[in-house]
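Residues or ranges marked as ATP binding site in TrEMBL: B:K5, B:F6, B:G7, B:G8, B:T219, B:D220, B:Y225. Per TrEMBL, substrate binding site is recorded for B:T49, B:E120. Sequence annotations record features per position, and here TrEMBL assigns domain 'ACT' to B:389-449.
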There are 2 protein chains.
Amino acid sequence: MKVVKFGGSSLADASQIEKVRSIIESDEQRRVVVVSAPGKRFSGDTKVTDLLIALGESIQTGDMDDAIYKQIIDRFRTMAEELNLPLRVAEMVRDKIDEAVKLVEKSSPHALDALKACGEDGSALLVSSYLHSKGSAASYVNPKEAGILVRDQVGGALVLEESFEQLYALRNRNEILVIPGFFGFTPEGQLVTFSRGGSDITGSIVAAGLKADMYENFTDVDSVYCVNPMYVDQPKQLTSLTYREMRELSYAGFSVFHDEALIPAFKEKIPVCIKNTNNPSAPGTMIVADLPERESHVVGIASDEGFLNLYVSKYLMNREVGFGRRLLQILEDEGVSFEHAPSGIDDMSVVLREHHLPPEKEEVVVQRIKEELQVDTVMIERDMAMIMIVGEGMNQTIGIASRAAVAFREADVNIEMINQGSSEVSMMFGVKSSNLSKAVQSLYHTFFE
Amino acid sequence: MKVVKFGGSSLADASQIEKVRSIIESDEQRRVVVVSAPGKRFSGDTKVTDLLIALGESIQTGDMDDAIYKQIIDRFRTMAEELNLPLRVAEMVRDKIDEAVKLVEKSSPHALDALKACGEDGSALLVSSYLHSKGSAASYVNPKEAGILVRDQVGGALVLEESFEQLYALRNRNEILVIPGFFGFTPEGQLVTFSRGGSDITGSIVAAGLKADMYENFTDVDSVYCVNPMYVDQPKQLTSLTYREMRELSYAGFSVFHDEALIPAFKEKIPVCIKNTNNPSAPGTMIVADLPERESHVVGIASDEGFLNLYVSKYLMNREVGFGRRLLQILEDEGVSFEHAPSGIDDMSVVLREHHLPPEKEEVVVQRIKEELQVDTVMIERDMAMIMIVGEGMNQTIGIASRAAVAFREADVNIEMINQGSSEVSMMFGVKSSNLSKAVQSLYHTFFE
């Protein structure tokens, strides 16, 4: 059996949902369906999740934005009408939204999570009803009923182990099950959402729990590209990748698949196939545990902007046992998570995402570093970008580093930072954001042309 | 005025001490002399400091090695005789050694430090007496009298700020002052040694305190080489370097100068000149604050062996705020200092010197990491070597990384780790120890030939 997940653009309107139905019904292995909230119908359109967030924020400021509310209700109603669904389907969606709105008005804990989850929940109601109306045996299954138990934590829920056993019981149900993605419930019954884009995570958890033969992830591209098409025109498509390669690529700018979503599938060694709802006959990209050795060791180039470098130097730092730990402790105390911490002899850099260090925190952090660590210098360098080249076996292949470094030189880009040696499947380079585009193009030219 | 420091080989026997006298007397600026313990007279000889350590250890096991004791006493006596010094000079040296031996027998705190310090102390007595016997106004000055105050800590003493003011008073003395290197005193009067090779540190502290015009460091090479001559035959000599370059080079295998010794001189911007006792007319290597821009940005290649890599991986590590800090905390709890900690997304490496993680500690550390951090993998990779290329302005020069990486490829050496981006004057590469020699040779070929 297959678990099939459809992304927001696959559920953006009635015609897309018709494609979804056709894909599900064309393969009887496709027994469990996980859905995102309705996405953009056209460039410039707003995703339902963004509308729900804006609605929630307007309520929190004490002045609910009725126009947004109407827009959300209308989107679901229009789809229900175009799909010729009974009136009560759109009413059920609206009732759930109204219920969540009340929670936000009462400032209940996690009320915003409940409101955000209405997008996926509505999609699941529409899709299950539509399959049913077309004669398929299909049911809406709430994540609570399915047994998706999570632990609440900053940055998004984490699945609990007991979920997988409970999910396995769904195998006994002899119909197509449609589950809304993006959220689960704590053991105390509280609805909590995963991090943004978390429907991929739900799909992966469900596939792992059900021990599915495959997890199909339908999106709006034929396959995963080896580089962000923003930088390179019509880049090479990837037919296969390992889990580790995909996880590293997803981390830095490969938004096609949520960077945490792979792990549950990976743990159960369930192949993941990325496919296109608008072109379902294309083979897509298959993500598996192992692959026969390939000719080129570099399979992809990922990149992301918005990093900063916190640089600290101190005379005889390397004599001071505990210096690095105390620097990281200050960041932790202030709730600032970091990405990397390369160090020299008398200096240390901490790379972090800019949004993790807003100006008010920056001041506190810099002050504490100066006072508590008695450093000689603290400096913050902004507008950094990170580029990762990814591929199994890469770090044991002589010459990859030199080809990459030559690519940077040919693009006339200075490498501000190199972080290589921890991950076995990637090599990371820091450059100024203004150089990102030409650096990525030169790397693509070097490894893929 | 100049502060002049002589290393162990410059004080190994009477004929060397005669050279030292001649050097001191040839320049009336050379007013303060800092000396090491007598070093090797010939290949295979034993340094006096090593004899003193062996003597101390034999006492601690309850069975003093009389042969070693005799060897030490004889070395000083022979030198005193050959220099025609009065009998009481050799007796004073012996009395001091006997006093320290008694402290070790009584297991007094820091007794071993007191015993080790006898080597430098004996050298200072011999040199000052010899200068005096030849008609120069010269005195032995104990570090306590000079005012070298230190804080005791694991790995070697750290100088206290108040030392510098006290030392300045020595400027008023109108004679040649000979100070034993390698040790100082705590404010409570306890003798404590610097880390091994610490006479360079004493010289630098004294030069800074006296605000000398130059700190001359006499050793047994004409100048600093750009690479360890163990790997390259007759490498290029360096006529000038900046402090920062020298400090980075000294850290990894450039044993010509103690890696902490530069800092006091650096803080007072006192030029340091490395010269050869056996060829004092050679210009040597001058180390200064700033240099005009040079053609090649790489001035030296340093390397050192004996590193290990502690590799840790854990599913969703990058979601866990505080993971890195807690890993470093475990090492700190166990008294293990680390060098670098590069991290990937779900993995982190900690590079440390092998001798900092003996087998019994390794077991505890690995066990704690497994239990307290609930990691998926802990692995230790030994026999790593680190190579540093060093040069001001290097990290802002496009193409240095690529030339280095190409050099590794041409040597058919895989780069296990790259650490670049924190230090502005160096780039660090980790390789397997077995590849060290050919990698260094290839880098030399690339940057210096």
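Using the three backbone atoms N, Cα and C, a Cβ is placed for every residue, glycine included.
Heads up, TrEMBL stuff is auto-annotated, nobody curated it.
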State the three-class DSSP label for B:T219 (ATP binding site), counting H, G and I as helix, E and B as strand, and everything else as coil. strand
Simplified DSSP label at B:E120 (substrate binding site) comes out helix
Model confidence for the domain 'ACT' (B:389-449), as mean pLDDT, reads 92
If you count the other CB atoms within 10 A of the CB of B:T219 (ATP binding site), including all protein chains displayed, you should get 25
Could you give the Cα-Cα distance between B:D220 (ATP binding site) and B:E120 (substrate binding site), in whole Å? 18
Who sits close to B:F6 (ATP binding site): which same-chain residues at least 6 apart have their Cβ under 8 Å from its Cβ? B:V20, B:V33, B:V34, B:V35, B:S36, B:V127, B:F218, B:T277
Rounded distance in angstrom between the Cα atoms of B:G8 (ATP binding site) and B:E120 (substrate binding site): 9
Three-class DSSP assignment, B:Y225 (ATP binding site), comes back as strand
Using DSSP, what is the helix/strand/coil residue split across the domain 'ACT' (B:389-449)? 30 helix, 13 strand, 18 coil
Do you know offhand how many angstrom separate B:Y225 (ATP binding site) and B:T49 (substrate binding site) by C-alpha? 26
Within the chain of B:E120 (substrate binding site), which residues six or more apart in sequence place their C-beta under 8 angstroms from its C-beta? B:V35, B:S36, B:A37, B:P180, B:G181, B:F182, B:F183, B:S199
When you look at B:K5, B:F6, B:G7, B:G8, B:T219, B:D220, B:Y225, which the record names as binding ATP, what is the longest CA to CA distance in angstrom? 19
I need the CA-to-CA distance for B:T49 (substrate binding site) versus B:G7 (ATP binding site), whole Å please. 12
